[in-house]
Amino acid sequence: MEELSMANTMFALNLLKQIEQSNSTQNIFISPWSISSTLAIVFLGAQANTEEQMAKVLNFDKIGSYDLTPGNPENFHGCDFAQHIQRDNYPVAILQAQARDKIHSAFSSLSSTINTPRLGDYLLESANKLFGEKSARFKEEYIQRCKKYYSTEPEAVDFLECANEARKKINSWVKTQTKGEIPNLLPEGSVDEDTKMVLVNTIYFKGRWKTPFQKRLNGLYPFRVNLNESKPVQMMYLREKLNIGYIKDLKTQILELPYIGNISMFLLLPDEIEDSSTGLEMLEREINFDNFNKWISKETLDEDDVLVYIPKFKLAQNYELKPILQRMGMEDAFNKGKADFSGMSESNDLFLSEVFHQATVDVNEEGTVAAGGTGAVMTGRTGHGGPQFVADHPFLFFIMNNITRTILFVGRFSSP
């Protein structure tokens, strides 16, 4: 499970970089955990080069014995050498099956930990499903493995003859699964008679802060979008003992805001806007697996009495991930002539048409949906001897499960 968390973190940061490149100044909110766990359902039926590309993009090739490239005996010693020799005697098919099983078993365990919080801690509403053209006919073995590892099964729809009705059916299913939060995920024209397979992934997060923000200090305050523009936004205020740190090389503060239930939001805020866009260019360029783990560790963070001001906001972002995943290296899965999903269907023309993703979050005083209300313009920024965290310009944020160290959500707030 630890290896899978590492793989998911790598995927999350790589995905963020790709989305940042195509949306240099816009708000971003995605659930890389939800995306990777849904793509794993497709990976379950992928074969040959399609499987290899997906494994690299999702970083599944970093898990256990998935990389089946023969090793050099000089690199093995003692028990490792004996295990390697013994492993070389196994048929490749058995090794591959064991490696795949380890990935999907880890997802099952990780999903159980993340998706079943203690009563009242937080809420994750998600809808994840693979919809395929009914003529493809999914293999019974694939259906059973989907049920075993992911508690779901693919659904056959009639894209060929009734594409728009299939779209409405998918939207209706998503609306029901998310209790009305996401009523129209697939827009008109998003599927047609050539559509073979669509992956739907939506997630909605509601959490409660461990220490709620002060409502009485809500009010309008200028949020600097860039060097030349500001927009009014409601700000929230909190004074509390929190983990806070400073990344000197990037002139960036990092703050941990805990939710109830082993979930935290980590915010990364540059001191000032020092580029021509959001002020986040250098920070976004330097984010990688090693740096991120260092930034959120005790090596960087210390508890202090912190004065916090952050905007009150709600983000509901829609993405069609096909071009992004293709740029990351997952090409064959979307290619009619190259895709190999023979593990899920006997049909040789099955390919992934699109991956639709929507993630929604509310950030407010309670940490969940709160009643409206206005108050005084933000005050009280002086007379405090401890550190201040004033998010009145663009910042990045990560919502993480602290037990599994899994990044559930990644966001960039650049404009109200």
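Backbone N, Cα and C atoms are what each Cβ position is placed from, and that goes for glycine too.
In Swiss-Prot this protein carries:
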CARBOHYD  Asn23  N-linked glycosylation site
CARBOHYD  Asn228  N-linked glycosylation site
CARBOHYD  Asn262  N-linked glycosylation site
CARBOHYD  Asn402  N-linked glycosylation site
Inter-residue Cα distance where the pair is Asn402 (N-linked glycosylation site) and Asn23 (N-linked glycosylation site), in Å: 29
Rounded to the nearest Å - Cα separation of Asn402 (N-linked glycosylation site) and Asn262 (N-linked glycosylation site): 5
Cα distance (Å, whole number) from Asn262 (N-linked glycosylation site) to Asn228 (N-linked glycosylation site): 39
Asn228 (N-linked glycosylation site): secondary structure state under DSSP, collapsed to three categories: coil
Residue, out of the glycosylation sites Asn228, Asn262, Asn402, whose Cβ gathers the largest set of other Cβ atoms within 10 Å: Asn262
